[in-house]
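The domain 'Guanylate cyclase' annotation in Swiss-Prot covers 46-178 and rests on sequence analysis. Residues annotated as ribonucleoside 5'-triphosphate binding site in Swiss-Prot: Tyr49, Arg96. What Swiss-Prot lists as Mn(2+) 2 binding site is Asp51, Asp95, and the listing cites a curator's inference. The feature Mn(2+) 1 binding site is assigned by Swiss-Prot to Asp51, Asp95.
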Amino acid sequence: MGLKDELTTFCHDVFNGNWETTEGKNVPDEDSRLTLKNTAITIDGTVLYADLDGSTAMVDGYKNWFAAEIYKTYLYCCARIIAAEGGVVTAYDGDRVMALFIGERKNTRAARAAMKIKWAVDEIIMPKKDARYTSNKFALKHVTGIDTCSLFVAKTGARGANDLVWVGRAANYAAKLTSLPSTYTYITESVYKMLADEAKTSNGKSMWEKVTWNTFNNSTIYRSNWRWRID
């Protein structure tokens, strides 16, 4: 079969085939029983995106090995904090990481992870960087976005070169939130409504500010510059 015929057959089969969906109990991965045909897993999940801000300027203005050290330390801290809060890293994309939280208190755990990442940047990564490079003025800036919804997970790509696609509002909104100013962590209203009190207030003071997402349908979102100490 020639390449044109192969592509035509595949597209015909996808558009005309029935979907076989199962309800997920665990975070799907590449070993899940998903195929390149119309198979999918549905799962209720909270998506966290953590993204470095200004990475283009960093790679343009600093040595490649220094940029790599920033990537490595930031993404390592993100991954370990996410895991400690019961989340699962589902993808790395250059200078950012996507993670999924499922089960009880998934929104609270995701929000807590975001605040811990902020603390780690300020209290671990930057002090270690400054101690090693005393004349280097680089300041690591980052932003985290979180949303929650029911996700439709399918396998995309071709044999030997494929990945999972997370279809649903949460993956898109969480990623878009990271385009907002890096001073804050951002969550959607859906996430905020599901937060436990411990992730909403501290000593009677709100940890979140209600704002309007002017560049995205004037949606209501919440932002926070609070941090969560890691012991």
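Placed from the backbone N, Cα and C atoms, the Cβ positions cover glycine too.
When the alpha carbons of Asp95 (Mn(2+) 2 binding site) and Tyr49 (ribonucleoside 5'-triphosphate binding site) are compared, the span between them is 11 angstrom. Restricting the average to the domain 'Guanylate cyclase' (46-178) gives a pLDDT of 95. Shown for the domain 'Guanylate cyclase' (46-178): DSSP residue counts in helix, strand and coil, namely 64 helix, 45 strand, 24 coil. Shown are the binding-site residues Asp51, Asp95; the one with the most C-beta atoms within 10 angstroms of its own C-beta is Asp51. The Cβ of Arg96 (ribonucleoside 5'-triphosphate binding site) lies under 8 Å from the Cβ of Tyr49, Ala50, Asp51, Leu52, Thr178, each of which sits 6+ residues away along the same chain. Every protein chain considered, the tally of other Cβ atoms within 10 Å of the Cβ of Tyr49 (ribonucleoside 5'-triphosphate binding site) stands at 26.
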